[in-house]
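One structure coming up, written as structure tokens, with questions to follow.
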Amino acid sequence: MEADACQSEATHGSKQATRNRNQARRRRTTCYCGERPVLATLSTVENFDRRFWGCVNFRIGEECGYFVWAEPEEEPPQVSRLRMTVRNLKSKMEKVEFRFMVAVGVALVGWTVALILVCEKTSNTKFGRLLLQ
């Protein structure tokens, strides 16, 4: 009896997965404008990196309002954690790159000032030789 219940649940799960795939295949091949929908990715906090099919005229001002999610809403917790890790690492990398560029800029300014001072010192000496005072 218990084995039948497990098999029934497994069958129901696979039927649901098949139904989801069939719904994805049956999505409209054209939006309400008559154009092919485009695959886009959201970057909002609520739906970060979530893909959807939308009107090709979106943000042009003539969109028809066509909108369909490209994948199911639920995702495994491991994927969510990995996405968060990737976002955090990208943020840290941007900070490190910025700090590196500031350090390079400071070093260039320092060497430029040092070179100017040396040139000034040599031009103020007799015969252009550096005289230490």
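Just so it is clear, glycine is given a Cβ too, placed from its N, Cα and C backbone atoms.
Here TrEMBL flags 31-73 as domain 'GRF-type'. Sequence annotations record features per position, and here TrEMBL assigns region 'Disordered' to 1-23. Among the features that TrEMBL reports, transmembrane segment is placed at 98-119.
Structural setting of the listed features?
Residue counts for the domain 'GRF-type' (31-73) under DSSP, helix first, then strand, then coil, are 0 helix, 11 strand, 32 coil.
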Compute the average pLDDT of the predicted model within the domain 'GRF-type' (31-73).
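A mean pLDDT of 81 is what the predicted model shows over the domain 'GRF-type' (31-73).
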